[in-house]
Amino acid sequence: MAGRVPSLLVLLLVFPSSCLAFRSPLSVFKRFKETTRPFSNECLGTTRPVIPIDSSDFALDIRMPGVIPKQSDTYFCMSMRLPVDEEAFVIDFKPRASMDTVHHMLLFGCNMPSSTGSYWFCDEGTCTDKANILYAWARNAPPTRLPKGVGFRVGGETGSKYFVLQVHYGDISAFRDNHKDCSGVSLHLTRLPQPLIAGMYLMMSVDTVIPAGEKVVNSDISCHYKNYPMHVFAYRVHTHHLGKVVSGYRVRNGQWTLIGRQSPQLPQAFYPVEHPVDVSFGDLLAARCVFTGEGRTEATHIGGTSSDEMCNLYIMYYMEAKHAVSFMTCTQNVAPDTFRTIPPEANIPIPVKSDMVMMHEHHKETEYKDKIPLLQQPKREEEEVLDQGDFYSLLSKLLGEREDVVHVHKYNPTEKAESESDLVAEIANVVQKKDLGRSDAREGAEHERGNAILVRDRIHKFHRLVSTLRPPESRVSSLQQPLPGEGTWEPEHTGDFHMEEALDWPGVYSLPGQVSGVALDPKNNLVIFHRGDHVWDGNSFDRKFVYQQIGLGPIEEDTILVIDPNNAAVLQSSGKNLFYLPHGLSIDKDGNYWVTDVALHQVFKLDPNNKEGPILILGRSMQPGSDQNHFCQPTDVAVDPGTGAIYVSDGYCNSRIVQFSPSGEFITQWGEESSGSSPLPGQFTVPHSLALVPHLGQLCVADRENGRIQCFKTDTKEFVREIKHSSFGRNVFAISYIPGLLFAVNGKPHFGDQEPVQGFVMNFSSGKIIDIFKPARKHFDMPHDIAASEDGTVYIGDAHTNTVWKFTLTEKVEHRSVKKAGIEVQEIKDSEHKLETSSGRVLGRFRGKGSGGLNLGNFFASRKGYSRKGFDRLSTEGSDQEKEEDDGSESEEEYSAPLPAPAPSSS
């Protein structure tokens, strides 16, 4: 508590006479002193937050300004500006807190805090730009000292300008006396250049589910390291009540080398590694958290309340200054089979004496009486080897694919951030805290737990804090009617049908890469475009959108798969050693593939029967630009079947549609970047998907971040109409057109929004939504592309879950009340009949086609590094099982933005 907090850094006391050698406080700290906030009288020792040590070193005392949390699970944030403009290095951290009052603290570095107040509720966010974790503390952890010559780089042109402290007050019973808290951390900084730069590598599970009563649940995380060598010198583990042991390893040539292993019930300090561990390009980083569900009566999910769990391993490392990366993350499990050979020690609990264990919340027993009653915990031997079991949590791709938040830089005054680590740092900040929903939403939280999409919804809520940075937008549905005479012969659909997942289709599987595009060829076969072992993450591009991972080489496996629409057999595959980050896919009337690659900044025309390479290439390889010869992360292509005109949506860093002749000559372009919260016609924020309406001469664009669809005349480029509904939420990711109908998928809801992720069927003439649909197996996470055939079959590819769903049209069930023997019953009429369209095509008409094809599971099982797990048809019984099987490997695709967020990034 405040009275017990040491008042000054001990290291400062030995330098009282060195202040004169320090640069004049008037010149160095004048700006800081002018903005220094007053501290409570109870916060002794915090009135001098900047303390000179010698001519090159100084200390910062970063403390809460005398706060009194009023509710348990309160999160307060405060910021402090670095008092120097030049580059400096943090070389020492000293916590100033007690677990009697503070559950945990996180210290972030960024360029602009989310608030300029003396402190604020962290629900508002931490930073408006990227946020890097510099330090984490919990459970009375001791100070962390960096090795000699190692420091966290701050200030200067590239380093953080602000420190933001987040303090989580888990249980506020210690504040019954209304004392004011000034917990925080003291930093020792130096201006002397450090040859080695420190950084943080966060391994975190975001989708683990711990079934009630389950004795042992393993949560596994693994990623291939693809950077310059890093040298690990410390680690920290973090779980809540159910965590038994957390272990981290480097796996090289099948050999497991321990990074660190610790009980999360001990003080959560940064412990030094027993032996130096270097991690090089191509190594696998692997971590396991072991949980028990014994004593719980409901499944436990990842989250921040006392009833939730977490699985985090923080790895502190240093790199050579010229190659230094300050923050990296891993939230996927790219090598689940590798864990079959994990050392047995990873499942042996570390003995913890009862007096060493801190209850995460002193009030938890009271809370559980109402929410999750605790059962009597059975006693167990301290060194009991836990059964590893068959349950492996399949991990979410949430943190990598940043597609849903790439808009943020458009709405805040800072420049675009360069790293996916920004978002992950903020998630790491937020994911440890309480449910951020409003009280009325919280009342339904327990009901939501039964919903198969709860886990993702909660995590999405956490990282949707970014939406607080965005100006309010009109939520009113708007629809500009077509001009007179247009659409008059469009087939009319009244909505007497419903889209349902084809449960007899064995194609719900986890592909080996992020699914970026789906399309149908002239034979009605499904074609899939995926990224193999490449991901779009925060390390993929610099601030100028130049791809940074050329050294990885192109994707070495086939990225284009032709799938039988009936039995999901692989009929053909191609696209090996051509692409770096695939994105859009479309197919013209002649069966040619048109694809975009956001890393190459190019558009390719491919003949599926020609193995000699692309027929046509537009754009310059690895050169982003906005002129007639360059693209900047182009997203999609549409080819007019009548004229052969080529339309390209360009893209993440341009806001335009570009037209080319059939031979690839530049014709024209239109569109501009959106301004303000009410974008005008012809303005775009990430034009993400295209759909041609040939007989009307229209091109429709999914204006993703503006949450709308815009349609234009292909001849004059004149704006025709906007389709926008409140149920879209703030994003429309992809669209597909068949005569009379327009199909669309939206994105994950922003924090505080209610619109779920779902598919839409609209009457094209009126723009009215006539059906909304979701899958029955698994659930949408980031549906990235959609393709509809004229027989009413719809395919949706999800880039987070690496999954493709098939949906078919069924007649709506007609319910009517009928009196029988005095009892009112519900009679169902004409239910579940397959629809036959006016063209006479019947769903499933290609049944039996391609029987000699290769089953997708066997196809990938033969590829090195892939297993059959996840390719078998999923069970539709039991929401827990569905959640467990929901995720394959993580994908860090299109959300390459920080919680505040960088440039439109991935997908």
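Every residue, even glycine, has its Cβ placed from backbone N, Cα and C.
Residues or ranges marked as Cu(2+) binding site by TrEMBL: His103, His104, His168, His238, His240, Met310. The annotation Ca(2+) binding site is assigned in TrEMBL to Val518, Asp785. The protein binding site annotation in TrEMBL covers Arg531, Tyr652, Arg704. The Zn(2+) binding site annotation in TrEMBL covers His583, Leu585, His688, His784. If you look up TrEMBL, you'll see 882-895 marked as compositional bias 'Acidic residues'. Annotation source TrEMBL lists disulfide bond at Cys43-Cys182, Cys77-Cys122, Cys110-Cys127, Cys223-Cys330, Cys289-Cys311, Cys632-Cys653, Cys700-Cys711. The domain 'Copper type II ascorbate-dependent monooxygenase C-terminal' annotation in TrEMBL covers 197-341. According to TrEMBL, the feature region 'Disordered' maps to 473-493, 870-907. Residues or ranges marked as repeat 'NHL' in TrEMBL: 568-609, 618-663, 671-715, 767-810.
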**Message:** For the repeat 'NHL' (568-609), report the average pLDDT of the model, please.
**Reply:** 95
**Request:** Out of Cys127, Cys289, Val518, give those recorded positions positioned within 10 angstroms of His784 (Zn(2+) binding site), comparing C-alpha atoms, in sequence order.
**Result:** Val518
**Request:** Among Cys311, Cys711, Asp785, these being the recorded positions, pick the one whose CA is nearest to that of His583 (Zn(2+) binding site).
**Result:** Asp785
**Item:** Length of the line joining the Cα atoms of Tyr652 (protein binding site) and His104 (Cu(2+) binding site), in Å
**Value:** 37
**Request:** List, in sequence order, those recorded positions among Cys182, His238, Cys311, Arg704 whose Cα sits within 10 Å of the Cα of His688 (Zn(2+) binding site).
**Result:** Arg704
**Fill in**
Here the 10 Å Cβ neighbour count for Cys122 (disulfide bond) comes out at 26
**Request:** On the DSSP side of things, how many residues of the repeat 'NHL' (618-663) fall into helix, strand and coil, could you say?
**Result:** 0 helix, 17 strand, 29 coil
**Asked** Just the number: how many Å between the Cα atoms of Cys632 (disulfide bond) and Asp785 (Ca(2+) binding site)?
**Response** 20
**Local Cβ density at Cys223 (disulfide bond) - other Cβ atoms counted within 10 Å** = 26
**Prompt:** Counting each residue once, how many in the domain 'Copper type II ascorbate-dependent monooxygenase C-terminal' (197-341) are helix, strand and coil under DSSP?
**Reply:** 9 helix, 82 strand, 54 coil
**Request:** Find the one among the recorded positions His104, Val518, Leu585, Cys700, Arg704 whose C-alpha lies closest to that of Cys122 (disulfide bond).
**Result:** His104
**Asked** Of all the recorded positions given, namely Cys77, Cys182, Val518, Arg531, Arg704, which is spatially nearest to Met310 (Cu(2+) binding site) at the Cα level?
**Response** Cys77
**Complete:** Its residues classified by DSSP, the repeat 'NHL' (767-810) shows 0 helix, 24 strand, 20 coil
**Request:** Drop a 10 Å sphere on every Cβ of the disulfide-bonded residues Cys110, Cys311, Cys330, Cys632, Cys711 and tell me which sphere holds the fewest other Cβ atoms.
**Result:** Cys632
**Complete:** One finds that other Cβ atoms within 10 Å of the Cβ of Cys653 (disulfide bond) number exactly 24
**Request:** Please report how many Å separate the Cα atom of Cys77 (disulfide bond) from that of His168 (Cu(2+) binding site), as a whole number.
**Result:** 9
